[in-house]
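Trainee: One structure, pasted below without further comment.
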Amino acid sequence: MFELNNFDALQIGLASTEKIREWSRGEVKKPETINYRTLKPERDGLFCERIFGPQKDWECHCGKYKRIRYKGIVCDRCGVEVTKAKVRRERMGHIELAAPVSHIWYFKGIPSRMGLILDMSPRALEKVLYFASYVVLDPKETQLLKKQLLTEKEYREAVDKYGEQNFVASMGAESVKKLLEEIDLEQLSLVLKEDLKNSTGQKKIRIIRRLEVVESFRKSGNRPEWMVIDVIPVIPPDLRPMVQLDGGRFATSDLNDLYRRVINRNNRLKKLLDLGAPDIIVRNEKRMLQEAVDALIDNGRRGRPVTGPGNRPLKSLSDMLKGKQGRFRQNLLGKRVDYSGRSVIVVGPELKMYQCGLPKEMALELFKPFVMKKLVERGLAHNIKSAKRMVERVQAQVWDVLEEVISDHPVLLNRAPTLHRLGIQAFQPVLVEGRAIKLHPLSCTAYNADFDGDQMAVHVPLSVEAQSEARFLMLAAHNILKPSDGKPVVVPTQDMVLGSYYLTVEREGAKGEGRYFSFPDEVIMAYQLKQIDINAKIKVKMTKIIDGKYISGIIDATAGKIIFNECVPQDLGFIDRSKPGNEFKLEIDFLVAKKNLGKIINKCYMKHGATKTSIMLDKIKARGYHYSTISGITVSTSDMEVPEAKKRLLSESDAAVDKIEKMYRRGFISEDERYQRVIERWTKTTEDVADELMNNLDKFNPIFMMADSGARGSKSQIKQLAGMRGLMANPSGKIIELPIRASFREGLDVLEYFISTHGARKGNADTALKTADSGYLTRRLVDVSQDVIVREEDCGTYEGYDVSEIKEGNEVIESLSERLTGRYSAEDIIDPNNHQIIVPKNSYMDSKLADRIEASGIKKVKIRSVFTCKSRHGVCSKCYGMNMATAQKIDIGESVGIIAAQSIGEPGTQLTMRTFHTGGVAGSDITQGLPRVEELFEARKPKGLAIVSEVSGTVKMEETKKKRSVSVITDNGEEVTYDIPFGSRIKVSNGDLISAGDEVTEGSVNPHDILRIKGVQGVKNYLLSEVQKVYRLQGVDINDKHLEVVIRQMTRKIKIEESGDTELLPGTMIDIFDFEEENARVEASGGSAAQGRVALLGITKAALATESFLSAASFQETTRVLTDAAIKGKIDPLLGLKENVIIGKLIPAGTGMTRYRSIKINTENEVQENQLEA
């Protein structure tokens, strides 16, 4: 049986006149919509019931047939079929045009498809189509040329010269249609291919462009004359509705106005033709008809747009698809869903990690159908209707039933903006009073939520499958690691950190110091009886059973550490238990700040898994809150003391700056140097004052404790509170050399305050701009990588990718072990010291193995990488390696593309926006932060270009008065010289050995140059390490594999250079796999293969060049993508996520993959158990 939703691919093409008539249920002849008195549709008008179906279910226009029993009858009086009103959403009509018109997409798009196939310029075409010039269709015996343009005057002269019968020339779309009909695609294709062999330069480019269009038509079976329309389809009336507003007026869709103009002009043209009106009038009417149809299809593409009331351009068919409010993005990719609600969130510290508090009334509304069913099952209501009444009146029994319904029904909580997959998690609901949703404090980091009025949305998974997915895959207690770097995302913050810090800090000379206790419980009892201080150093006898024997030993501890260790499993590996004497030590015997908490959680997760970790986290949360309250840590002005040495330091600096000024005035140093020295001096002073301040602070100073524990604030903020604020930047980013001497404790004077406002305002403006930019970057990343899914276990490639540590100067940005963890080796890794194999080929490397490899002194390792994966669609499990979010090997079906895009996009808002100025030297500004990431992913030519050596060799420097130059002398004596522009800093020195692709001057390199010099692997390496540098400098960790996924998508296309015996055209882009396939096919039959080179596309370009036209059209440039796809008759194989969301199928990832589809969830046993219990 043919099912409407059961298809594997989708094809788009041009519609022929016959096809449009086939779709249609009748011709729309009148421009009328509905009768103003009866409010019923006019017959043969734009809302006609005879064409489009009845307005009311099972009721004809005249009212002769009402009720379902007349289903399918066509009324003999009014001609309306008795059927459901829903057909008005699917039945189409048509308008028979009195004269053909061209379709604006194919004539006006860039490049003009109509112009290319006819070999006419778009300008000339426009003149013909809009009745400004004649075009010669058949010159016969005359000296005119075919397709030659004639103005009115030239036409008359030609008629006088040759006579009207001796040649054929006409204007308008009819003449263009005739020319298109005459085209023999097969013949034209052969002619163009011949011409291509003998042409060069611009001519060659033009022929390739023409050939592309001709081949598209030839292969797709579309005919060129279908670009000219004889019949216009009218879309169903319910898709362009007309509704009555209160006050008797009507609101209508713009499309109705546009259709009405077409019908009016068409009818007038018919009438004029019947009357045999003069040519000039008919011509004008035809031109107006052409313009009306243009406006309907794409208003504003040519000339001024047609406007409605208030000078607003009308929304045409193209506008309905485009942009954020268009059909694709508004209705197909993002729908509003039922069974959802939203409310303000408040903190719920009493909740377990997997719970959330749901307000009673909200829960009742969300779970209404479930509650009603249960009420009927229980016999509390006789039927669904009375159950509904009970729920609406909120009777007492309803609450008990609701409790039972939600007891094992997880809900999804989402906070906008959802920047990564942790922005939607599942929780077990707990009913709460009030109207606010309660959120577990540890889930805040993942959601980036706080309780200053944030709102969250709740969604109810309905089907059993959806519920089990929510419970097993999305439960908050399972989402402990961050998918971007595999570090814990649920790290306690603020009060919890402060509490843990307070528990594990030791105080010298506290009450009870040095006392001995015989077991831990005795310590806690002593603390509760106020015998000892919680931070006092004490000795405790610990007893353990080892090999069936009781063994005891005495350890150093504090009451706080004992309390804290009760929360934590004692086998995490912080203490080496194999050493004698270590058996009794507390696992956490150090000061617990925020950093260490992350380590504790990581170790617990690796050792014990998610469930135990979430239990430990809940315990730490409870203790943290309790003891941070008891500690009584508060903030007061007196906690901040201005260091005594500040005065002395300031006056010393003043003297030093005076000295620098004197030197400048005497001409010993330049202005730049003076500025640099003053800045350096004040920076040092600020740091000295800060050091003095930090050294004077007591270890138990509350503000110090907050900063030191990582609960809130930082050293630099303390420095500003009581040290000095230091140097500030002016609005352009240049540092002002007058420092702010005061601290906030002392108070700023007017000038200082004014200088500070620059930075504060710039910060706010930056944040607002950054959010939008970062969001747009994420959207492009998602679009380019959304169809990358793990589709197989092993692609069987022999290639690998060499990794070594990434350095910026002397600083290691990413160590080798970090880059190896969770990857597969591409070859045997051999220890250089004893020549034994550490890791065999194709084996998985965990963090222990990675550390061992690094320790053995190996500098470079070949690993399996997404870069070299040979999977045609998506990647294979071995090339990808570990799933960062679970620390396990990745499962087949995981949508790693989306995860990669989110991991790169989510921290985008933390990157800076600024361009650093290097003391006013023009041309040497380096782009950093977000703009730099964007520049790399879009493969743009960067600002501040560095000069790159094209060859390998030895450096020779020359400097004359007029210019500086650097030469590179190759091994065979060739010399390549580069002139260095003024103001650039040279990176190499005389006699250096450099290799091709190395930078000669400082700055950023154009990635296309690297592709040319170092090849594909070189450019992939460059992009990866450059993006990593930007993120790491901001303190953001992203695993390499996410960047690899995106960069692989940027280098998937090949630009054909020589076509050989293949069907491929030079200059066109084709997927690497298609390229290899086509070459293999040709070589098998003895032909010569095509030549091409890998092209580097920016993410926007790469997203638009995807196989799927649905995905590309829903991304950007909708009309261009669809025009191109229609001419090529493209088939969308529906492999990515986006396409499947658009057509409403399950996405082919995760449990939606075909290999998992047949899994059934068995609920029978549960049902039986429940019945037995009842």
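Every residue, even glycine, has its Cβ placed from backbone N, Cα and C.
Not my notes, these are from Swiss-Prot:
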- C60, C62, C75, C78: Zn(2+) 1 binding site (BINDING)
- D450, D452, D454: Mg(2+) binding site (BINDING)
- C795, C869, C876, C879: Zn(2+) 2 binding site (BINDING)
Trainee: Within 8 Å of the Cβ centre of D450, D452, D454, which other residues of the chain have their Cβ, at the recorded Mg(2+) site?
Mentor: I345, A449, F451, G453
Trainee: Spatially, and counting Cα to Cα, which of the binding-site residues is closest to C876 (Zn(2+) 2 binding site)? Options: C60, C78, D452.
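Mentor: Out of the listed candidates, the nearest Cα belongs to D452.
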Trainee: What's the most sparsely packed of the binding-site residues D450, D452, D454, counting other C-beta atoms within 10 A?
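Mentor: Among the binding-site residues D450, D452, D454, the sparsest Cβ neighbourhood within 10 Å belongs to D452.
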Trainee: For each of the binding-site residues (C795, C869, C876, C879), count the other CB atoms lying within 10 A of its CB, then report the residue with the highest count.
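Mentor: Output for this query is C879.
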Trainee: Where does C879 (Zn(2+) 2 binding site) sit in the DSSP three-state scheme?
Mentor: helix
Trainee: Report the nearest neighbour of C60 (Zn(2+) 1 binding site) in space among the binding-site residues D452, D454, C869, comparing Cα positions.
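Mentor: Among D452, D454, C869, D454.
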Trainee: Measuring Cα to Cα, how many angstrom lie between C869 (Zn(2+) 2 binding site) and D452 (Mg(2+) binding site)?
Mentor: 47
Trainee: Between the Cα atoms of D454 (Mg(2+) binding site) and C62 (Zn(2+) 1 binding site), find the distance and write it as a whole number of Å.
Mentor: 55
Trainee: Given the binding-site residues C75, D450, D452, state which is nearest to C879 (Zn(2+) 2 binding site) when distance is taken between Cα atoms.
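Mentor: Sorting the binding-site residues by distance from C879 (Zn(2+) 2 binding site), the top entry is D450.
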Trainee: Would you find the one among the binding-site residues C60, C62, C78 whose Cβ has the most company, meaning other Cβ atoms within 10 Å?
Mentor: C60
Trainee: In whole Å, how far does the CA atom of D452 (Mg(2+) binding site) lie from that of C75 (Zn(2+) 1 binding site)?
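Mentor: Roughly 63 Å, rounded to the nearest whole number.
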Trainee: In whole Å, how far does the CA atom of C75 (Zn(2+) 1 binding site) lie from that of D450 (Mg(2+) binding site)?
Mentor: 64
Trainee: Could you measure between D450 (Mg(2+) binding site) and C795 (Zn(2+) 2 binding site) for me? Cα positions, answer in whole angstrom.
Mentor: 45
Trainee: From the Cα of C795 (Zn(2+) 2 binding site) across to the Cα of C78 (Zn(2+) 1 binding site), what is the distance in angstrom?
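Mentor: Approximately 65 Å lies between the Cα of C78 (Zn(2+) 1 binding site) and that of C795 (Zn(2+) 2 binding site).
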